[in-house]
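Reviewing the structure listed below.
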Amino acid sequence: MFSSKASLSSPPSAGHLPPPPPPMSTLCIQFCDPSTMARVFPQAWLNEKFAPDLLETKQDVVDNMMLHLQNMDENLHQGHVGEPKSTIHQLELERLRFVLTSYLRSRLRKIEAYFPHLLEQQRSQTGEDLLRLSPDEYIFAEEYANNISLYFRRVALRHMPTAQQKLDLSKTVAPPDIERFVFLQVKDRQERVLIEEATDDQEEYVIDLEENSKHLMRYKAIAPLVSNGAVQLI
Amino acid sequence: MFCEKAVDLLRELQRASDGLLTPYNEDGVRQVLGELRALYIPNQQDANISRAEERSDLLPTIKFRHCCLLRNKRCLLAYLYDRLMRIKALRWELGSVLPNALRFHLAPDELEWFNQYGRSLAKYMHSIGSEGLDLVQDTLPPKSLFIEVRCLQDYGKFEVDGLNVPAEPQYAAFTAEG
């Protein structure tokens, strides 16, 4: 973990670009410096925006971003107001705040759309699987689910004949559309990615993903690669 | 005819342009629930008769009424759910206090749902980070830092974040100052 930080802090040699930031998954988030955060967090934001399904929770990243924004805010108020440098910093602060709120809003939108499936999945998960809802999001999703169930019961279901009073929300609410096509850019080279499984008519369709290549394919095929940071949705 | 009232409710929502909230059609909802009961009772009776006398000629009627029942239930729940989604959008656009004109379009139960949703949302927003983050603000990417402000009335000198702003007709100020 510390070795990745060492490569970030090495000064760029003359005429060469600084090394690209490592993918989110390999970063030691607690020790991440603010400038790297500001470059890497937008990638998580784009992934969340374009993925049809809810991605894993990144609660520590969100907490770090909040701290970073608060620090920036304090620094700005201590410095001189009206200087060009502070204007640029203020704009940067506004931009980062927008990215953070947009990220959280994307997540909330998906939680509200797919709440029965997400809650069921989280409840049946074992300790080692990655959680998709943070603790606060889980509480929000549960309250939202209760609110809707109670409302339906009060307004419609209790006036219906007894046999019709049940409503299974996980059957009536549509699940996320993971068959949707998404644009992606490959960050780490991947070998033998399964796109289509073998059926009676065709053999299984397997390709290699070259680094920096762009593709358009079903989200289902590359969902695990988005989670571990090997591809970036665009 | 069967299920007509339920489909009317949905058409009413579809006609309202672009997510506008129409007044709650309590009458329509009551009629649909009444139709549900009116379908269920003869169905029960026919089911009992066909079981007792082992007749199969009543089965198509029973099946048809059951399908109408399910369709009515589905349409009614879709109407209620779509209204809830529109009300939810109001919370994001207008905040937790609704203007009076819109408030009359909501049924009492819908208002209760709206308040409860507002509370859940506020609790979640408060839990982000250490001080909370208002997610309802900043819905558009910031284009420029400064906005032009025009003084409508001469209040004299006004202090804006450390700067003394003269009472000029027009000046630029930070967007965040509101």
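Including glycine, each Cβ sits where the backbone N, Cα and C put it.
Keep in mind that TrEMBL annotations are predicted by a computer and have not been checked by a curator.
Residues or ranges marked as region 'Disordered' in TrEMBL: A:1-21. The compositional bias 'Low complexity' annotation in TrEMBL covers A:1-16. What TrEMBL records for A:88-155 is domain 'GINS subunit'. The feature domain 'DNA replication complex GINS protein SLD5 C-terminal' is assigned by TrEMBL to A:176-234.
Mapped onto DSSP helix, strand and coil, the domain 'GINS subunit' (A:88-155) counts 56 helix, 0 strand, 12 coil. Within the model, the domain 'DNA replication complex GINS protein SLD5 C-terminal' (A:176-234) shows a mean pLDDT value of 83, rounded to a whole number.
Taken through DSSP, the domain 'DNA replication complex GINS protein SLD5 C-terminal' (A:176-234) splits into 9 helix, 26 strand, 24 coil.
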